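Engineer: Sharing a structure with you now.
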Amino acid sequence: MDEQVIFTTNTSGTIASVHSFEQINLRQCSTQSRNSCVQVGNKYLFIAQAQKALINVYNLSGSFKRESVEQRLPLPEILKCLEVVENDGVQYDRIQGVNHNLPDFNLPYLLLGSTESGKLYIWELNSGILLNVKPMAHYQSITKIKSILNGKYIITSGNDSRVIIWQTVDLVSASNDDPKPLCILHDHTLPVTDFQVSSSQGKFLSCTDTKLFTVSQDATIRCYDLSLIGSKKKQKANENDVSIGKTPVLLATFTTPYSIKSIVLDPADRACYIGTAEGCFSLNLFYKLKGNAIVNLLQSAGVNTVQKGRVFSLVQRNSLTGGENEDLDALYAMGQLVCENVLNSNVSCLEISMDGTLLLIGDTEGKVSIAEIYSKQIIRTIQTLTTSQDSVGEVTNLLTNPYRLERGNLLFEGESKGKQPSNNNGHNFMKIPNLQRVIFDGKNKGHLHDIWYQIGEPEAETDPNLALPLNDFNAYLEQVKTQESIFSHIGKVSSNVKVIDNKIDATSSLDSNAAKDEEITELKTNIEALTHAYKELRDMHEKLYEEHQQMLDKQ
């Protein structure tokens, strides 16, 4: 298992390994806007081309992976940002009662794209149908689109200094011609450049501890608590409190001396890293003070600070005199926090490894620096393989994902090296449907459309005698009742598992315990019978003894 980094510049695209020196270039790749590249599972890479109404599709896995363009998808107009809404990891077959894993050729449910004017497109990828177009999603260009909570919600940010949270079902609903956002955040005063969502997520926003971090050119970082969005019960119970059930709660605001371009969070939500024109800085969200005291910066300090949140100012450690714990306590009392400088460069994009130990920093010179967070040392620098470094431009997209080493530990297999099948001239026969330009009329019930979808392999072999709740609920209840009675049996249960021909044969000692119980019951019955017989014999003996004693007395 290794990690690969995918980054694009104004004139090139590169795929490299984080822990090795393997590297390849993507052909005919040109981007000018950030977040214009999105990875579709572990198979495809979508890149919106600069100054062209076109999406280039690259194949990154299997025996068909290539450096050249796999497929081109024409668009109604030029797109700036891309995002996909993935399918769930397991699909349930109601007829067979079997869970199916996702197949190799698996397309996401939705593809979202934005334009320079703030228009939002929503396509269904399995059919290519244009489900909806939101003409004025933002007043200006959208800077980022992200789906959260398994695609239930969509978050967009734009140059109009707003962050909008949408519900996915509203965007794709055929009966909703003009979808309304769930909430709008307009605390920033300049364009919002980036945002990140915490890793602590659940099924719905109202029952999770999801936090949203937004950064802007106004040199501020704002953290919101999204757990109160859409909570109607809390809204009715607290009608006087405007912070409940309507908009996210602003937990904290961090001000910096520089305009912020990018932000990335630690996988465990312990720290955040921001990229500016003056370098990359790290901020610990669990701030350490004198001794062993640690302060949670995202915890509300009181009732009066719920609406506006706490405000902190970030200062560099090297600008302090000494930088000891006593200075940190004094600065914290004044609302100032000390942040570490990771790298001095003009940062354009940031990304972090899956274990949170490495920080990938993309700059305006077209280079990606891999830095160790603990030591703040540059491990290696990745550049585009080209002869003219001056024309590369800045890093516009930066992605990381794990992958398995296959085919002799080759990261990427070029078109000339790969052993392609003899059929179809070595090309993948599974193609992505073309994206339509006209909105699908969902109100016409007789208007049907085809969806090409491949079903994966069953997740596991199921026992035919095993009742499922969707098939036979009464039988399922009886089965659960039997299992509960077995596991609640008095005494310890010791199981012996034997593996024969890759099949598990489990024999439990419950049967032997039941046999022992029957023997004990039978023994108790026998003992009672013997006791009763003994009492009768004793009574007879006492009577005979009394008669014998009387006969002796008469003599």
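Note: Cβ is positioned from N, Cα and C throughout, glycine not excepted.
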Engineer: Considering the residues Ser388, Ser416, which is the one that Swiss-Prot annotates as phosphoserine?
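Structural biologist: Swiss-Prot annotates phosphoserine at Ser388; the rest carry no such entry.
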Engineer: Which is it, of 177-218, 513-554, that Swiss-Prot names as coiled coil?
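Structural biologist: Checking Swiss-Prot against the ranges 177-218, 513-554, the coiled coil one is 513-554.
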Engineer: Which sequence-distant residues neighbour the repeat 'WD 5' (255-296)? Criterion: at least 6 residues beyond either end, Cβ under 8 Å.
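Structural biologist: For the repeat 'WD 5' (255-296), the nonlocal Cβ contacts are 190, 193-196, 198-200, 211, 213, 215-221, 311-314, 316, 325-326, 328-329, 332, 337, 339-352, 354-356, 359, 361, 371, 373.
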